[in-house]
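A.B. asks: Structure incoming, see below.
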Amino acid sequence: MGGTAVSERPHITVLCGGPSSEREVSLVSGHSVAEALRAHFEVAVVEFDQPALPKGLDPERTTIFPALHGAFGEDGQIQALLEARGFGYAGSGPEASALCMDKAATKARVAGCGFAEAPAWVFSYDNMPASAALIERLGAHLVIKPVDQGSSVGLHLTANREELEQALSCLTPGIWMAEAFIKGREMTVGVLGGEAMGIVEIVPKGGVYDYQRKYTAGETRYIFPAEVPEELAAHCRDYAERAFAACGCRDFARVDFILTPDGLPYFLEINTIPGLTPTSLLPKSASCRGLSFEELARRMAEPALRRGRAHATNANPGAAPHSDGNPQLT
């Protein structure tokens, strides 16, 4: 028989790039997760660099997978635009995204979820405390970071007054958080559908998991599953699930924490759109549960497909169900 075969597979558009300082990381995440999604779906990749929803997208024809990091993509802005247009999209909604982008607000929200929290001081660039005041309150061994950046952008680690004063002199306009340094092992755990997966230990050369060590091959060693007693690991997974729920997250996220030598987990942050390359931390966590990168990507996307169908049905209650066939590649 003649004619062209029509694909029955749902269509997903991966958005990547964006206008933030993490654009290059987002491009790698976007193309990597798109390749993984192609095992199950028809997939298009849209790269953009402006703080606006790319044109030409139709909520009746595609579901959105935002593989975006940093401002605009991970802080609730694009999520709000997608909501307004009626798109089904993967990941947390606008409110949870905005909350988790603010490290200080997230720390306040997860208080009581089980994690310990390092003493901290949040301040604006215009009201920067003197080094003496910081030392009096928190000590000189500090981690100073912007409250709204990922990928360790803007991270400063200080061990004494001289290093602290140097770090303060390098800060740029914005809101910053100084935290007392917690000695321990850096850990992360992925959460998928509200359930914590395997714990990953991060062992960077030099002891600081900064931007260079995150994205330079050979600069960091990863242990997964982390070598943690099962009872303690179960507590950490439970705390991560509780933090995920307390912040209103959905679908997936990654929860980072420090585990001290005496077994006390200190909360660091929640990443609502973590890195999504095959070698990123979330796939490592998923692999501890026997999930391939392709299977992880499928499970990350499927709730968005269901939400998109539900929205279309609610918007047009008398209409026939929309077919996922004949996707239009953008």
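From the backbone N, Cα and C atoms, a Cβ is placed for every residue, glycine too.
All TrEMBL annotations are machine predictions without curation.
Quick paste of what TrEMBL says about this protein:
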ACT_SITE  E22  active site
ACT_SITE  S151  active site
ACT_SITE  S280  active site
BINDING   D256, E269  Mg(2+) 1 binding site
BINDING   E269, N271  Mg(2+) 2 binding site
DOMAIN    107-302  domain 'ATP-grasp'
REGION    304-330  region 'Disordered'
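Please go over these features one by one and say how buried each is and what sits next to it.
C.D. replies: Taken residue by residue with DSSP, E22 (active site) is part of neither helix nor strand, so it is coil.
In the shown protein chains, 21 other C-beta atoms lie within 10 A of the C-beta of S280 (active site). Taken residue by residue with DSSP, S280 (active site) is part of neither helix nor strand, so it is coil.
All protein chains included, E269 (Mg(2+) 1 binding site) registers 20 other Cβ atoms within 10 Å of its own Cβ.
DSSP classifies E269 (Mg(2+) 1 binding site) as strand under the three-state reduction.
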A.B. asks: Could you tally the C-beta atoms, other than its own, that fall within 10 angstroms of the C-beta of N271 (Mg(2+) 2 binding site)?
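C.D. replies: Step by step: centre on the Cβ of N271 (Mg(2+) 2 binding site), count other Cβ atoms within 10 Å, giving 23.
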A.B. asks: Among E22, D256, all listed as recorded positions, which has the most CB atoms within 10 Å of its CB?
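C.D. replies: By the 10 Å Cβ neighbour count, E22 comes out on top.
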